[in-house]
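Enquirer: Just passing along the structure, written as structure tokens.
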């Protein structure tokens, strides 16, 4: 009785063992297919990332040191981080606000209208339009000989630069940055805004609510996560931007990316050898904080979102 | 209580439940912001047309004047370098990213999230921070590969990952790849045959979109090239801008126009054809 | 206008559409619509899509402005009153619960805009939730509810303010069949309880027949016929109504001496038609009988299809005269396809039209 009973069980287990062996062999060959990409990503992404995070802890001769990390609290470095955060905050806030207003204005036109399609297409180009080319666009516009500078002086008698030429200083970054921030916000925020259902506003109205009631109690709360998400994206975007600043500002290192440039080019900055590593670490830490903030935001709103 | 209704009252009835702002407000906002955004572009064109005496095409024609060949050589050299880098990045996308994405989708669904995570890293880590870690890797690799262009191209392959992966992913999701592959395999097609004859044609749009976005990203890249001392298009534009700002602006305009065309094509092929109603 | 008195349930009020016209550019969605709804009445606006029924409801709600004509609620001209001051309750076809508010907050929404004190607000909202059977769902969010539950909450939200009129814009059409019938009957029960005047837009004749006191069949921006479900079913005044309500087959016959010949019988007309006119008669499946070919009476034909509907069967017969006709009969008779049968008319009197 027991023997006959156990026989099928044993046979079953043997079969499954055999299938498992065959299965792992079957997985092994396709698994090899993953190797080239894995190696490539390891060498050109993961190792550089790890190096960027850790070089700050070593000196040129490879010995461990806290020296570079300690430099992160050096007043000069703190000031550049402050500058970077300030300019990111400002351009993200303005970009998010103006971008949201553009999206709101677009609501007045049908989603299938040519106007909306072209604004979205133009936004996707301009959101990519960072870097060096953007710097030249603004030099041509509000540089010393720029079109707007000349027009303002000749036609209205207004001097754009009564004192120093701020385009090549930190404040000069604000307008160029907004030039890619606003389109990026339009791209990020428009889907959320078009997601507001007409039935919600109609329900609000039939329940006695005014336009303001709708925005205060439904519209703004529903859009807030998308708006905040867009803001964080814009913030990260400004914070990590380098090329525009590099092309505009050739003197000094007012923001972190420019300070990394200086640290990479010159032998020593603030008497330290691997300051670039410490600065990169600082930047990455801030980016991670931004992303954690973003996912915390998502989690908070998850209670009423699918 | 009069039965005569004015337009004003009819509009008030609408306003309390319509999401959209009034048309005049919307139009004003869009026109003002549109003009502000057009201004730098107009200024670039105007700047490129400036001559010592007024306006003209001098700087544009001068670009192709053999007399200036020596002066502009670095610029065209940078252009060729950037196009080569773009080709290498596209090769990586098609030969490495695409097969890996398909393999993961078909055979290792558990790794989908891992792949997604990896392809997002280049966005999360600013290029200027990554370059700190890339510098030693570049130095080491160049000793093995012996071509700065190829190594930089490999690095650019990483930079375009987030964009290319998203474009490929969209087209892979649009068709039922597992079923297609099973069907082809059950008819006796070999794996290479499935890849070349079935998957490449089906995923054509995604591959084109991924390639174009890669070109757009590579043509605009300055950070890594400049800090690794490689002469690509953007680096060349910056160095020539010190002696000839007009040519720098002309090249910026041309690059922008080219990227616009690339992105427009992506937009055209990415969105499925739908009816367009004009309002 | 809004009346937050928490005391007795208000009884229904009357609603009048007076020559209401609505134009979208060159298109006329409503073409001089006249409709009088009595206090407490449940009226269904029934018709195919594009007949203007939804426009009529939305005009009454104030969500569409009308081109000309008047809308009266309780005798008061509301044509120019903005939607948020018309004091109506509305349930929409698409789920319209506010996603950021939970169920009870959704229901309280209209009480908040009417500045009802918090304690009373919650009590009334909870009571209305009990009424729609969702007393235990107060803390849920819309995405945690089924479609039917969402529409129940929407109903509670619309009713909790004790509006003058309840407007239902195809509230059941997104639901599946079983939930649909259930909610339909529940809406009717609650409506009768509250005595609230209700306008119900639907394209589903079965739904309208089941719940409405009166049905207004709409066609091209106007009412073709209005009446009780029985009146519309038994005495459709136009071909459109007859076609839209219930299943029927259109037959034509010559008028001769005040009678017509149908399916081999001479039949009287409810109203006389001119001699020699070509009368059109709609015959319903239940007014026909299937007879044996050899022994029965009526017109001969062959069975095309026959479908089992539980207690009865519906059989389509292709008559030898070239017409197809649907006959309803007991499920015990099971005609076979291609079998020769006869179709007999059970009525002695029919209503005919001349076009």
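Backbone N, Cα and C define each Cβ position, glycine as well.
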Enquirer: I'm validating the feature mapping. Which of A:15-36, A:37-58 is tagged transmembrane segment in TrEMBL?
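Expert: Checking TrEMBL against the ranges A:15-36, A:37-58, the transmembrane segment one is A:37-58.
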Enquirer: According to TrEMBL, which stretch among A:62-83, A:172-193 corresponds to the feature transmembrane segment?
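Expert: In TrEMBL, residues A:172-193 carry the label transmembrane segment.
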Enquirer: Considering only Cβ pairs under 8 Å, which range in A:37-58, A:129-152, A:172-193, A:214-236, A:275-297 makes the most contacts with the transmembrane segment (A:85-109)?
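Expert: Against the transmembrane segment (A:85-109), the leading stretch is A:172-193.
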Enquirer: For the transmembrane segment (A:275-297), which partner among A:37-58, A:129-152, A:172-193 gives the most CB pairs under 8 Å?
Expert: A:37-58
Enquirer: State the non-local partners of the transmembrane segment (A:129-152) in its own chain: residues 6+ outside its ends, Cβ under 8 Å from one of its Cβ atoms.
Expert: 158-161, 165, 167, 172, 175-176, 179-180, 183, 241, 243-244, 246-248
Enquirer: Which bits of the chain, at least 6 residues beyond where the transmembrane segment (A:37-58) starts or stops, bring a Cβ under 8 A of a Cβ in it?
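Expert: Here the qualifying positions are 64-66, 68-69, 274-281, 284.
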